[in-house]
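Written below as structure tokens is the structure these notes are about.
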Amino acid sequence: MVGDSSSNNEVEGRKATSSTGRERRRKWLKRREKWIVILGVVLHAIYMLSIFDIYFKTPIVHGMDLVTPSFSGPAKRLVLLVADGLRADKFYEPDNEGKYRAPFLRNVIKHRGRWGVSHARPPTESRPGHVSIIAGFYEDPSAVTKGWKANPVEFDSVFNRSRHIISFGSPDIVPIFCSALPHSTWNSYPHEFEDFATDASFLDEWSFDQFQSLVNRSNEDPKLKELLKQDNVVIFLHLLGCDSNGHAHRPFSPIYLNNVKVVDHIAERVYNLLEDYFKDNRTAYIFTADHGMSDKGSHGDGHRSNTDTPLVAWGAGVKHPRPTFDQNHNDYGTFVDDHVHDMPTPKEWGLGNIERVDVNQADIAPLMSALLGLPCPVNSVGSLPLGYINLNKAEEVEAVLANAKQILNQFLRKSQLKQESSLSFKPFKPLAHYSSDLEQINSRISAGDYESAMELSVNLRRLALDGLDYFQTYDWLMLMTVVTLGYIGWMFYLILHVLQSYTTLPGYILKMEQAVSRRNSSLKANLCGCFFMGVVSIILFLEHSPPLYHAYSATTVFLWTQIFSEYQFLNALWRYLHGREHYHTIKLVATCLVSVFILEVLVKSFTERKLYTWCFLIVGLIAPVYLSRLIAQKSGTPLFLWLSCWFLSVFTLMPAEIPDNTLLVVGSGAMIITIGGAARYLDRRSRDNKYWSSLLNSDRETKFPFLFELQSLLVGLSSVMVLLSTSHRTKNQELLALHQLINWLLAGFSMALPLFSATGLLSRLTSIFLGFAPAFLLLSIGYEAVFYGALALALMAWILFENALLHYSKTNASQTSIRGMEDNFQLENENRSLQLSDMRIPLVFVVLFNVAFFGTGNFASIASFEISSVYRFITIFSPFLMAALLIFKLLIPFLLVICAFSAITKLVRVPRVGCYFLVILCSDVMTIHFFYLVRNKGSWMEIGNSISHFGIVSAQVVFVLLLFALTNIYTKDIQTRSGKQFSRKNI
């Protein structure tokens with residue numbers, strides 16, 4: 001009896017010790033997971049900022065001297081008319097009746113002015129476009145992170161150099177350039193005027209009326225008249241109508257095309273008003289646009305419809321038209337959108353016999369400065385287009401030389417700043433003897449050799465621009481190396497954590513190593529890491545490097561220090577793998593190669609969406625065949641898997657620009673209700689089937705027995721509201737307040753209902769699918785509503801596939817395999833350890849997550865944001881609310897994918913956080929590839945898209961994390977029977 005008692009006490013003591021150890025390990029693992037998640041978010045945020053230091057460093061420097069032209073300006077005042085969002089082709093081409101939409105400006109082109117196409121550089125947005133026109137440089141897109149409403153940095157402009165600036169127009173543009181200038185007279189209309197449900201051409205009329213009123217008042221106000229009569233006055237009218245009408249009605253709509261006539265009529269009235277007022281022929285006029293407009297009513301990327309804008313100049317100092325001599329439209333270099341360089345003039349424009357002079361958008365600023373005889377803005381990188389300004393040979397050379405000196409001054413300032421902050425400075429060799437080049441140009445001018453002097457001046461300007469680019473990317477190699485090592489270190493760190501925390505490997509490896517030696521190696525690695533980090537920080541400090549340079553280096557050194565501190569574990573892991581059979585090594589290598597291949601296909605799919613079609617067509621054939629071999633009894637799962645994959649494959653063949661189709665959206669509502677009804681039928685009729693038991697289990701029924709009927713009703717009402725809201729807005733050009741209120745209520749109320757559904761896997765996921773459907777339908781304009789249902793079917797097919805594998809593992813488990821399972825169990829939450837075969841789950845998730853990105857468009861392109869999607873909720877221009885609604889629409893498919901992912905981790909009982917880290921590992925394999933695919937040469941459309949791809953994949957660590965937190969509200973209560981049937985007790 002005493003022996004039995006002591007034996008029982010010993011067993012109880014071991015259990016208590018084991019329980020305490022499990023609890024301690026569980027708390028340690030929670031802390032470590034939180035730490036790694038925080039580190040991952042911070043690391044990716046830091047490394048994402050590196051693209052701005054590498055590719056989008058601000059080009060602005062201060063401290064340069066002004067370069068005043070040696071000739072007097074031919075114009076006493078200048079009028080700048082900017083038709084926001086006006087495409088070049090819609091301006092120059094005739095209408096269906098063969099009549100041209102801009103008769104006045106067309107008459108100017110033919111008889112007294114010059115014309116061409118102004119080539120904009122992405123991002124083709126209003127603020128960067130106006131900065132390019134008025135200041136002469138292409139503002140870095142990183143300024144968008146500091147706000148478009150005000151100047152994030154101080155820069156010089158033509159307005160700064162003028163004696164007085166008079167401006168009227170949009171509240172989003174005019175205050176940027178005029179509010180801080182003491183020598184300005186300006187006004188803008190309220191934001192409420194920008195209503196996309198109306199014809200916005202009245203905004204252009206408002207700007208003209210304000211200016212006309214000012215001119216008329218000057219006849220009774222001597223001070224105002226004196227102000228208008230002085231030299232170097234700039235008049236800027238911002239005409240927003242084309243942009244607003246293009247967004248709301250598309251650029252081929254009658255409202256947009258009529259707005260072209262409106263701006264032409266305004267140009268005519270401005271011309272007549274000023275010519276009658278001044279009567280001195282000393283006014284120069286420039287008509288252009290900041291960007292174009294895509295066919296679907298958006299802009300932002302580098303498509304030709306967005307970068308090609310009209311340019312018409314006439315008046316004082318501007319050359320008269322002359323016949324075309326050749327097809328070269330550019331006399332000084334290449335355009336910033338050189339992928340459409342030297343495009344012939346379309347025949348339908350009817351201007352093939354008149355010389356066309358194309359320019360880069362930034363060239364307009366030096367043109368305006370030269371016409372007024374003002375110094376060019378000190379930050380300008382534009383080249384003076386001689387094809388527009390009427391100067392003699394000597395004045396042309398002096399003008400180009402002044403232009404070259406102004407750009408050279410920027411180069412010299414950047415060179416000086418970099419030399420002062422570099423321990424090892426590498427100068428730009430082609431301009432090492434720039435002073436002798438200037439002397440040579442001046443001597444040629446003195447000798448009257450203007451042709452040679454012009455050639456040397458143009459060459460000096462080109463070298464100065466190349467020098468600016470050299471210093472703009474001076475730190476490129478160092479930053480790319482540091483960030484690349486950081487990403488590699490992060491991936492190694494993730495792998496180590498997954499192996500140590502979510503697999504059975506530590507149980508084997510810890511037997512081979514000593515804890516004391518681990519602590520000693522960790523201490524040595526930390527000391528070496530701190531020393532190296534200190535040396536790097538001192539070097540960066542001596543070079544006056546920005547704080548982010550310190551952050552990049554410190555993060556990379558820290559990661560590799562953490563890796564080397566696990567030297568003993570790595571050494572033991574290597575010995576463990578080396579001692580295994582070759583079969584395991586081959587399996588490991590094959591899994592890695594297949595994973596990398598799939599991820600590389602995803603990388604390619606960012607530019608070739610059709611790859612997703614082939615992917616799902618192949619999977620739709622292979623996966624059903626594989627399942628049919630596993631499942632002995634007859635099952636419809638293989639057939640459903642085949643149909644759902646092939647159905648989803650259709651959408652990546654469709655155009656990225658989603659055409660409007662309201663009836664298709666309405667029909668999608670019926671399809672969504674049908675899918676929900678099928679899931680409901682399966683949930684009710686298959687409860688006694690062992691195959692479905694894992695999906696249908698629920699400890700409690702829903703508190704609302706008619707929840708499914710209520711959700712279906714809301715989906716149906718949403719379909720009806722789609723039809724009513726769209727038809728009423730189209731006919732009456734307004735959104736009824738009642739429709740707006742109903743749409744908001746439907747979207748908001750339906751998303752709360754899934755929280756009250758049953759906790760069975762299928763029941764909860766069906767409720768989530770129906771809960772987000774009303775909001776998605778109300779934000780849809782075309783086939784993306786069908787995509788919502790197709791994606792849900794594919795996600796259900798994924799769940800059924802995993803359930804089939806689980807069912808197969810249950811029915812075919814031998815006693816040996818059960819013992820193997822027992823070894824794979826972790827001691828908390830009844831989650832088993834991760835196995836190599838589980839890599840399929842994060843891989844499928846990454847594929848479906850990216851399909852949610854690119855299934856219905858090109859998320860990497862700014863122009864893919866279809867603003868008309870929000871018109872059933874709001875039409876008054878509100879950029880933040882509209883952007884929030886667009887982003888929410890894009891997030892809804894991701895929410896479905898992550899809900900399915902969370903449900904699968906519960907179904908197969910693998911740690912969700914461990915799978916999350918594997919997802920991030922897969923994303924970072926793609927990220928490091930995209931980091932090297934970022935381009936700094938070629939067209940800016942390609943450059944912008946490559947950076948967008950990098951940003952999208954790099955941000956997935958934050959996207960997935962936030963969506964996990966959001967969807968956990970819906971998925972935390974999901975219950976399955978798989979955990980019960982495979983508990984340790986039963987085994």
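Including glycine, each Cβ sits where the backbone N, Cα and C put it.
From a predicted model like this one, the values you see are computed outputs, not experimental measurements.
Listed in TrEMBL for this protein:
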- 1-20: compositional bias 'Polar residues' (COMPBIAS)
- 467-939: domain 'GPI ethanolamine phosphate transferase 1 C-terminal' (DOMAIN)
- 1-23: region 'Disordered' (REGION)
- 35-56: transmembrane segment (TRANSMEM)
- 476-502: transmembrane segment (TRANSMEM)
- 586-605: transmembrane segment (TRANSMEM)
- 611-627: transmembrane segment (TRANSMEM)
- 639-656: transmembrane segment (TRANSMEM)
- 662-683: transmembrane segment (TRANSMEM)
- 736-756: transmembrane segment (TRANSMEM)
- 785-806: transmembrane segment (TRANSMEM)
- 841-860: transmembrane segment (TRANSMEM)
- 880-901: transmembrane segment (TRANSMEM)
- 913-934: transmembrane segment (TRANSMEM)
- 946-970: transmembrane segment (TRANSMEM)
Stretch contact, the transmembrane segment (476-502) with the transmembrane segment (611-627), Cβ-Cβ under 8 Å, 3+ pairs: no
Recorded stretch that, among 611-627, 639-656, 662-683, 913-934, has the most CB pairs under 8 Å to the transmembrane segment (35-56): 913-934
Stretch-level contact, the transmembrane segment (639-656) and the transmembrane segment (913-934), CB cutoff 8 A, at least 3 pairs: no
Same-chain residue ranges lying at least 6 outside the transmembrane segment (586-605) that approach it to Cβ under 8 Å: 577, 611-612, 615, 836, 839, 843, 846-847, 850, 854, 922, 925-926, 929-930, 933
Segment proximity, the transmembrane segment (662-683) to the transmembrane segment (946-970), 3 or more C-beta pairs under 8 Å: no
Leading contact stretch, 611-627, 662-683, 785-806, 913-934 vs the transmembrane segment (880-901) - CB distance under 8 Å: 785-806
Remote residues contacting the transmembrane segment (785-806) - C-beta distance under 8 A, at least 6 residues beyond either end: 616, 623, 627, 630-631, 635, 637, 640-641, 643-645, 647-648, 650-651, 664-665, 667-669, 671-672, 675, 679, 691-692, 694-695, 761, 765, 769, 773, 776-777, 841, 844, 848, 851-852, 855-856, 892-893, 896-897, 900, 903-904, 907-908, 978
